[in-house]
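For reference, the structure is listed below as structure tokens.
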Ligand code: AGP
């Protein structure tokens, strides 16, 4: 069946394709890592297909020096249906070995296409992709169509609800990449003497900084000498290039053992970057007036996100309500998509998404747009799908986040929502917003984050002592400390596989406390004046049931035996600090267990299926 989330890279021109493809795939490995493959053609009739189950490292070790070419395609896969084995890995190819195809997405009507056109063909894989490539071959060989027409014909036959990013190669036109996309990310990289295509600009940054967008349902012909884009009716589309100035090394691990640790360490820099991008010298937010005016007209803000982004939204809702007085509600995107609540009269939607590609969130955006409501996407990836499709975009400027466990994107989302809430509150002349010195506070946050990341040794030994053995753990807190508890627990479970829960500390005694056993770790987050005493009482309740209690407390609320003491910042921004020790505790627990911190089992960075 479908291969829904994966990374694609292709190149044609003067470069050695194999190293470019492998390098690109390594950068895309965050998108999926259970099998990988490349196809290269040396333009003199010699071509090579290499596929392996498992990580890209397996594919690399299968490569021999004679495997060379100047055009090729590569793929790294995260399977949701069909075993992640060599046969199901991409590229898929036609039975006569003329056509090779990499694909991201799901062809919903592949069974029907198979029965209608390919009933006599014996398939070797379980993939919908093989159906597509065999069908292209059928139209070329049996119906004598040229490759471009056959490709277009198949694109027309694919049902509208399907998603795809395709890059096709034909042995008979070996310098040409045939490209199309629908709902799955793909963009062109423009070079000198070569051109490329990939799911994400980071896969091409080593070769070029100039890119070209591809819209849904276009056919793009990529040759060494140029790129031609047409719509499905054959009209040529003019497309400007845009430049991404990011340094390729921004997506490198450098001397870090794992991306996650690098990304945790980068958080103070990201805070300063947001100050620089969004606040002027006197600390006033610099935000598009039209965005502020549309938000001001709203009677309710709807914040939508998944996973960590949803957790950042929980903090954002608090910030918007306090600083602007506009009622704000947060939704898990996959829930909202299927059960739209009764809406207020003038809603305004804020989508939080690090990648800008999350299918669940996009589903909501598409529906909301149909109903004519204004939308803002807060994302880390310029030109990403949700960014392009929303009325407004604000960028996180956090630099590429590669580790599956999101860290700096979360803190950037919280900080940017604080800036936006301040800007909106000021525009509405709300005194609390006027008094909230977000610039000064984010400066304090950056310094505080630095102090926490500098205390790694302490966090490493806490993780070794309390989290290495137990199967279960709890983070508890009230209000925004509870919201951080949810994110902290997600971090721990996704990379260390400890069954962790984030809990409202007052709620524990209403049932879940039954799970507390001797030495169950319970980590209390204590940063809010109003709730500190109550959370401490709740911690006492679990101490008496044998739990090993740890605390993450703000300095002015700290007691002598607190485990981690956070520098003081405004109560609205404490999540930016309290989450950092939790990120590092998760990191060291995973590391201590010898797990692959950046690529936890069963997960992929960008979830482009619903
Ligand atoms: C968390 O560490 C995960 N990476 C995951 O929960 C993620 O936040 C979620 O899949 C949403 O992704 P997005 O922010 O790119 O939309």
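Any Cβ shown, glycine's included, is placed from N, Cα and C.
Per TrEMBL, these features apply:
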DOMAIN    6-225  domain 'Glutamine amidotransferase type-2'
ACT_SITE  6  active site, nucleophile
DOMAIN    291-430  domain 'SIS'
DOMAIN    462-600  domain 'SIS'
ACT_SITE  605  active site, for Fru-6P isomerization activity
Other than its own, how many Cβ atoms are within 10 Å of the Cβ belonging to residue 605 (active site, for Fru-6P isomerization activity)? 25
May I have the DSSP-based helix, strand and coil counts for the residues of the domain 'SIS' (462-600)? 72 helix, 28 strand, 39 coil
Averaged over the whole of the domain 'SIS' (291-430), what is the pLDDT? 96
In the domain 'SIS' (291-430), how many residues does DSSP assign to helix, to strand and to coil? 65 helix, 27 strand, 48 coil
Rounded to the nearest Å - Cα separation of residue 605 (active site, for Fru-6P isomerization activity) and residue 6 (active site, nucleophile): 10
Around the Cβ of residue 6 (active site, nucleophile), the count of other Cβ atoms that are within 10 Å: 30
